[in-house]
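Look at TrEMBL and you will find 1-19 tagged as compositional bias 'Low complexity'. Annotation comment: TrEMBL describes 149-256 as domain 'Prepilin type IV endopeptidase peptidase'. As annotated by TrEMBL, region 'Disordered' applies to 1-48. Annotated transmembrane segment per TrEMBL: 120-139, 145-162, 169-188, 194-216, 237-263, 269-289, in sequence order.
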Amino acid sequence: MTAPRPSAAPVDAVPARPAGRGDPDQDALAGPVASSEPGEGVTRRSGESARPGVRLLAGLAVGPLLRLAVARYAVPPGSADRAGCARCGARIGLDRPLPALGPAARCPGCRGRVGAPPGVVEAALVVALVVVALVDGSVGERLTVAWWLAWAVPLALIDAAVHRLPDRLSYPAAAGTWALLGLTALTSAGPAPWLRATVAGVGLALGFAATTLLLGRRGFGLGDAKLALSVGALLGWYGWPVLVVGLVLTFTLSALTALALLATRRARWSSHLPFGPFLIAGTTLTLLLTT
């Protein structure tokens, strides 16, 4: 006698759905789904957590280059670029960056200060890295912001020290910003933002230069006009309202600082404040607030 076969499952029966595969209630109870590969989840999490540290180290590695730029170009207008320590003349270069081009900023010979005050460049670099991390946008846009900030840091420190914005730093900042935005336009954004950025950069630079021709020392310097090439292009890329916000913040920061210096008698009405640091600070703050 043939044994009876077990009854088959009904045709309309639905197999049980594994927890965590599409049912929100079951997902909440079941928790995260285990990775199919042993150790894959742990490796992925550890890799993601290591990225900020790697970026921070990579950014701080640029510090000696920026310190060298500040030490070399922070000289009065018309003077030769500095090649060594201002006190003892000891040569300073990337072949022996420490301690002169490190956070201590001390000459290895006489222990005098070299360039920017200790820790200032490194603190500015950390701020720049935070800005790049917080700015929302495509990879091309973030690369453009990072490029501009890498030149803006030494420009701000040099202008604050000697009221000078060297062409050797302003022109690469503008050219690189314009080129990177052009590549971003070709790959994703289209030509409209890039054309607007070009018009904004050239227009802002011409406007600043016009005040120099019309007002002389009471207007902006030509160095400010050259810096405006990159500032206008960067802010103009995001739209005309962003450019307006950047200018408003820049002039507000400049006015508040001037009033504070006057109130504390650290400046007079005839004093001339460098405008570059305020233009850079206003642009950076605008990127954080609007993008």
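Note that Cβ sites are derived from N, Cα and C of the backbone, with glycine treated the same way.
Contact between the transmembrane segment (269-289) and the transmembrane segment (120-139) is supported by 3 or more Cβ pairs under 8 Å, counting only residues 6 or more apart in sequence. Model confidence over the domain 'Prepilin type IV endopeptidase peptidase' (149-256) stands at 97, taken as the mean pLDDT rounded to a whole number. When DSSP labels each residue, the domain 'Prepilin type IV endopeptidase peptidase' (149-256) comes out as 99 helix, 0 strand, 9 coil, counted as helix, strand and coil in that order.
When Cβ-Cβ distances below 8 Å are used as the criterion, the transmembrane segment (169-188) is approached by residues 69, 73, 138, 140-141, 143-144, 147-148, 151-152, 154-155, 158, 194, 197-198, 201, 223, 226-227, 229-230, 233-234, 237 of the same chain, each at least six residues removed from its ends.
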